[in-house]
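Participant: One structure coming up, written as structure tokens, with questions to follow.
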Amino acid sequence: MKNAREIWRNVLSVIEEEERTPKASFDMWLKSTEGISLMGTTLVVSAPASFIVTWLERQYLSLLQDTVEEITNNKLEIHFIEESQAHKYAPADGSSNESIAVTETKEQPVLLPSKEEGDLGQLNDKYIFETFVIGSGNRFAHAASLAVAEAPARAYNPLFIYGGVGLGKTHLMHAIGHYVKGQKPGARIAYVSSEKFTNEFINSIRDNKTGEFRNRYRNIDVLLIDDIQFLAGKEQTQEEFFHTFNALHNDQKQIVISSDRPPKEIPTLEDRLRSRFEWGLITDITPPDLETRIAILRKKATAEGLDISNEVMLYIANQIDTNIRELEGALTRVVAYAKLVGRPIDPDVAAEALHNIMPVQEAKKIVIRDIQEVVGQHFNIQVEELNSKKRTKTLAFPRQIAMYLSREMTESSLPKIGEEFGGRDHTTVIHAHEKISTLLKNDVEMQETIQTLKKALSN
């Protein structure tokens, strides 16, 4: 028999002792949490503030649920709450909730909101037009989304929004759904990811319920389908979505689609689907500029009731310049760090909080062409000569060096390297690599040459 507090203490102990997350992260996000109660198959856990609750749900939920299952041999849902709300969930004196055996199989009703996305009509309450920060990179996408929401199936149908991860595509889709619901409370809205659409379709085939599946998705007013690029390669699902699209479009129902790339760049997407995606309006969202990033941080701080100086916001905005989710996450981390170390939020605290999560600039990926150009410049020969069939000593030796570097500094296969050097056989590449490797053991001049070339390639 274990109660919620004991279970949660065990969970934290395992995570800390086995270093399943860095110590700094554990101290910042997990150490201050506490198990409050067991409600059926739901474990209620408190955290000191709402932004910590949000961070735990986004970053740690999977790890925590796996650890809970490992300890209890039960699949328990974790529901995070603010510490100030803990009294609402704490069991009354003598309540069995406080000492439920974790192997309890009897289901008990738990009045908690569902977190599952994809249910027809279910939308995220935070994703509305009023909370969307408009900037140069998303202004047109926002205007198009608002136009669609104001006049479904009359403005742009379909509306296709594309852009990188965390830039606001999903926010706009949910905002459209909320706006339509506000104007027409009886409207049937479906928000679904392409992955969930695929899974439901597969399940309907397995259970002989394809008719029910089709009725569900073809009798709605607005279809919001996220990450359509994941339909690539799924021929049967594409076939089903093609007919769903046609049915809705013919009935003058609104379709909104999001993707990480435009239709023409989605591989193995059927041409008939690609052409339909291009029937309406295609708009993109690009990473926010500095002013927009600061505005996003300011709006989040206001929503959370946080007093953050412009100096700190500027610092954070300068560190994260591509992804809105990471930007908001950075603010959350700074606030949590300041709270836990008991210091005011200033640029120094922000720098300390973010020092180990700043994106490290990836080294440029070296390709064979880079090596050919650098070697050619070093030996004063043209790349075309390096790749020619000529076997003069002035060409053969630099060519062998270039092949050696291609083998050492790229992930290309031997046949690929040979192909890039004038269609030579892979055995030629092996010979070149062995020859240069042998010379490097004792030839100081060769060692210096290779070092110089590697340095040039790295720069």
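These residue numbers are counts, starting from 1, taken along the chain as shown.
Here the Cβ of each residue, glycine as well, is placed from N, Cα and C on the backbone.
The region 'Domain I, interacts with DnaA modulators' annotation in Swiss-Prot covers 1-83. The feature region 'Domain II' is assigned by Swiss-Prot to 83-121. Taken from Swiss-Prot, the feature region 'Domain III, AAA+ region' covers 122-338. For G166, G168, K169, T170, the entry in Swiss-Prot reads ATP binding site. Sequence annotations record features per position, and here Swiss-Prot assigns region 'Domain IV, binds dsDNA' to 339-459 based on sequence analysis.
Neighbours and distances for these, please.
Facilitator: Long-range C-beta contacts of T170 (ATP binding site), restricted to its own chain and to partners at least six residues apart, with a cutoff below 8 Å, comprise N124, Y127, D226, S258. According to DSSP, T170 (ATP binding site) is assigned to a helical segment.
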Participant: If the ATP site is taken as the center of the Cβ atoms of G166, G168, K169, T170, which further residues of that chain fall within 8 Å of it by their Cβ?
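Facilitator: Surrounding the site, in chain order, are G163, V165, L167, H171, L172, S258, I285, I324, R325.
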Participant: Enter the number of other CB atoms within 10 angstroms of the CB of G168 (ATP binding site).
Facilitator: 26
Participant: Restricting to the same chain and to sequence separations of six or more, state which residues have a Cβ under 8 Å from that of K169 (ATP binding site).
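Facilitator: Set apart from K169 (ATP binding site) by at least 6 residues yet with Cβ under 8 Å, we have A141, I161, Y162, G163, D226, S258, I285.
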Participant: Cβ-Cβ under 8 Å from G166 (ATP binding site), same chain, 6 or more residues apart: which ones?
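Facilitator: Correct list: N323, I324, R325, E326.
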Participant: Give the residue counts of the region 'Domain IV, binds dsDNA' (339-459) per reduced DSSP state, in the order helix, strand, coil.
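Facilitator: Residue counts for the region 'Domain IV, binds dsDNA' (339-459) by secondary structure: 83 helix, 0 strand, 38 coil.
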